[in-house]
Amino acid sequence: ATAGPRSFSAAEVRARCAQGACLVSCHRRLYDLSGFVRLHPGGEQLLRRRAGTDVSAALDGPPHRHSANARRWLEQYYVGEIEPGDEQVPPRAEPGRGSQSFQCQPQVDEKEVVAAAQTPEQTDLCYKTVDVEKDLVDWQKPLLWQVGYLGEKYDEWVHQPVDRPIRLFHSDFLEFLSKTAWYVVFLVWTPVVLYLSWVSYTSLAQGNTRLFSSFTTEYSIPVHKYYFPFIFLLGMILWSLLEYLIHRFVFHMKPPASNYYLITLHFLLHGQHHKSPFDSSRLVFPPVPASLVIGFFYGVLRLLLPEVLGLSVFVGGLCGYVIYDMMHYYLHYGSPKKGTYLYGLKAYHVKHHFEHQKSGFGISTRFWDYPFQTLIPEETFKKED
């Protein structure tokens, strides 16, 4: 027979929180969010302030009503139950506070801290990340070759995020190539951006570049070196549009339930990121496949524009891509200050992952969500009497 959930006294919870843990409860169920605080969209300090409290009211908002996926995500950090008699009363006082501390006792007895430090279970809080017996795939094996068999269940499954790393391939070499640390993108592509920017500027400085010269010499337009910053900026703007279009129409295509290969391709391109959104090794694009895609777009620009002009637009787009990848990593793993642009963008992007998968496709900017009418709606709450 399996052992039941462990019971925690209010005193023990207070002691653990005093030592730096972030334990919260929802009614009698206790959760250890210590490993999640920096990733929380509302900011680390918001969760820290609620350590040792009941967050059942806060889950319903305001300021944010947590989705079914967010509540399912919370269950991954379940560690036990609050002992009977130590439950909290649903909060009514202090407007704006979505929680109330255990027994309303802010003081922590030093003896409780020592007792908690001597409790073996303090370092043995096992997170229930995936119910392997009930899940549709075998997490002990590479997932890439399994997801195609999910058929019509794939779309719902892939949009129920979990907090655990994913293995895609049997081959250790392929698995290695599929993972990338965030700084690799910066180290690989920043020198390329700087070098191609210098080549573009010095080439334009020679004064030989003209628009429409392949059609007419009489009405061709010279492109001066002073235009380079504006051409570069145009490339960045074009990248932001391309970022939106790829995210919406390629990464969020809904593969036919009967097509094993398209489901597998979708999971490889983007589905694995939605299934495990905080897998730090899969938040940026690996340089090897990225170089193939980047090379393709460079070839398209070479066909459409004069060589130097196409290169200038291309290097601006490449810079936009690097910024996008760095921002995407930060939106998942950073803890921006409340009220900043990145704070709002992080909350917006996490909503896309957890609740609004069919909208909110802008990552580095929400701009293109406006004209394409895919903006995530603002939440509204009825005022209480």
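Glycine is treated like the rest: Cβ placed from N, Cα and C.
Among the features that TrEMBL reports, domain 'Cytochrome b5 heme-binding' is placed at 5-83.
Taken from TrEMBL, the feature heme binding site covers His40, His66. For His66 (heme binding site), the Cβ neighbour count at a 10 Å cut-off comes to 16, with all displayed protein chains included.
Panel annotation: around the transmembrane segment (181-201), residues 225, 228, 231-232, 280-281, 283-285, 287, 290, 308, 311-312, 314-315, 318-319, 321-322, 325-326, 329, 333 of the same chain, lying at least six beyond its termini, place a Cβ under 8 Å from a Cβ of the stretch. The transmembrane segment annotation in TrEMBL covers 181-201 (among others).
For 226-246 (among others), the entry in TrEMBL reads transmembrane segment.
Around the Cβ of His274 (Zn(2+) 1 binding site), a 10 Å sphere holds 19 further Cβ atoms from the protein chains shown. Look at TrEMBL and you will find His247, His252, His270, His273, His274, His328, His332, His352, His353 tagged as Zn(2+) 1 binding site.
Among the features that TrEMBL reports, transmembrane segment is placed at 283-305 (among others). Long-range contacts of the transmembrane segment (283-305) within the same chain: residues 177-182, 184-185, 188-189, 242, 273, 311, 313-314, 317-318, 321, 325-326, 328-329, 332-333, each at least 6 residues beyond the stretch ends and with a Cβ under 8 Å from a Cβ of the stretch.
For the transmembrane segment (311-331), the residues of the chain that approach it from at least six positions outside its boundaries are 182, 185-186, 189-190, 192-193, 196-197, 199-200, 203-204, 228, 231-240, 242-243, 280, 283-285, 294, 297-298, 301-302, 305, 342, 345-346, 349-350, 363-364, judged by C-beta separation under 8 angstroms. Taken from TrEMBL, the feature transmembrane segment applies to 311-331 (among others).
Annotation source TrEMBL lists Zn(2+) 2 binding site at His349. Just so you know, the Cβ of His349 (Zn(2+) 2 binding site) picks up 22 other Cβ atoms within 10 Å once every protein chain is counted.
Residues near His332 (Zn(2+) 1 binding site) in space but far in sequence (CB under 8 A, at least 6 apart, same chain), listed by position: Leu39, Pro277, Phe278, Ser280, Leu283, His349. The separation of His66 (heme binding site) from His353 (Zn(2+) 1 binding site), Cα to Cα, is 12 Å. Long-range Cβ contacts of the transmembrane segment (226-246) within its own chain (Cβ-Cβ under 8 Å, at least 6 residues beyond either end) map to 197, 200-201, 204, 297, 309, 312-321, 323-324, 361-365, 367-369, 372. Broken down by DSSP into helix, strand and coil, the domain 'Cytochrome b5 heme-binding' (5-83) contains 32 helix, 17 strand, 30 coil.
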